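According to TrEMBL, the protein carries these features:
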ACT_SITE  Ser72  active site, acyl-ester intermediate
ACT_SITE  Lys75  active site, proton acceptor
ACT_SITE  Ser132  active site
BINDING   Lys234  substrate binding site
DOMAIN    356-440  domain 'SPOR'
SIGNAL    1-42  signal peptide
Amino acid sequence: MGAVVRRAIANFTEKVRSLTRSALIAAMAGTLVVAAAGQASANPKYAGLVIDAKTGETLYQDSADELRYPASLTKMMTIYMAFEAMKSGRINKNSRVPVSKNAAAEPQTNIGLRAGSAITVDQAIRALVTRSANDAATALGEFLGGSEDGFARMMTAKARQLGMKSTTFKNAHGLPNSGQRTTARDMARLGIALREHFPQYYDYFSTRSFTYNGRRYGNHNNLLGSVRGVDGIKTGYIRASGFNLVSSVNTDGRSIVAVVMGGRTARTRDAHMRDLIARYLPKASRGRDRDLIAKGPATQVVASAMLPGSAVPVPSDRPDAVPVIAYAQEPKPVAASAFASAVANKAEIDPVSTASTKASGWVIQIASMPTHEGAMRRLEETKSAASSILAQAKPFTEVFEMKGKTYYRARFAGFDDKSAAWGACESLKRQKVACYAVQN
């Protein structure tokens, strides 16, 4: 009889323990759900999103379409623009990026670039991915866009092409600007676009460290190497934004892109991202990959528009910037074909000076073309479309050879001084015509 009672008591005790464990587990799960769901209400800067990168399905969202500050997530678009120019052959990873005084003066974080120096495109991209270097971002933006403002307009135009409907860029780095806004959904689209459009370059985002001038810089993305399947992408922080992170995850045939914006600290942001990955990656599809983001036409960057496939430094349009040299690899022009009265440049290189120079002999260049007819056609089309800007300008072509191929510079002469030439270029850029000024 005693044995029967003891067994009954033991069974009852085990049932109580089981119920207690179940209640605790349910309570903990409920706490996690409430914590995640309450992020937006508890933190007005918060936004979160998880997208199945194979299907485009939204697995999780919280304030995903509310405007937020991107901070250094901005550099994802700066890198996208560089990748696009590299893929087209207009620049390459060894192209030299000149550093203006404006770029060198950017605050931390940076890699201490000096005005008048130059870095390669490869170094600039790695500096953005790891150190999130603001000086390198501005230098790269000026190189690709001709000016900081011009590049920001190009970035915004590209955002629209990619379906980023709510994003406006004002600079290349993400430092505070009240007009620079985005959403978690737009950042997810950009992350997916970087993966889809540039698989040959995407592994830049998995760079763990970068060494420049003898100093090693580690990647700010703490999830690289610590969370299985994470292969990038980018962190960001300014006071107005909080701590931001876009993560790409590929493992076990599943793929997601997740966004956390507005974290209170880097640690809590990372912890929340780990939780999102653990919770929603198992829900992602194992189906076949398919393109989710349309590419749109390649942007004609200033650096590439001047010479097909070459490393062409371009000037900043700030008057105190240092002189840089364009077409350093070009030989002396072999001939000049004048469409109107103009004198061909006889130098072996084109000096593109953004410092003070003599007020004479300035021309502007809008393109280099593989045929004379193409250069002439570009000149005629540009003058027709911008007749008020180029009313007194004299179009001409200048032929040169590089790597055994012949190209034709499309140029306009007739500008009294540097200010007139630069002013014409700025007006043309507003009409989406690539342009830079050079003194003959």
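First residue shown is number 1, and so on along the chain.
Here the Cβ of each residue, glycine as well, is placed from N, Cα and C on the backbone.
Features as recorded by TrEMBL, highlighted on the structure.
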{"residue": "Ser72", "record": "active site, acyl-ester intermediate", "CB count, 10 Å": "24"}
{"residue": "Lys75", "record": "active site, proton acceptor", "CB count, 10 Å": "28"}
{"residue": "Ser132", "record": "active site", "CB count, 10 Å": "28"}
{"residue": "Lys234", "record": "substrate binding site", "CB count, 10 Å": "29"}
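Cα-Cα distance from Lys234 (substrate binding site) to Ser72 (active site, acyl-ester intermediate): 8 Å (rounded to the nearest whole number). For the domain 'SPOR' (356-440), the model's average pLDDT works out to 81. In terms of DSSP helix, strand and coil, the domain 'SPOR' (356-440) has 27 helix, 32 strand, 26 coil. Taken residue by residue with DSSP, Ser132 (active site) is part of neither helix nor strand, so it is coil.
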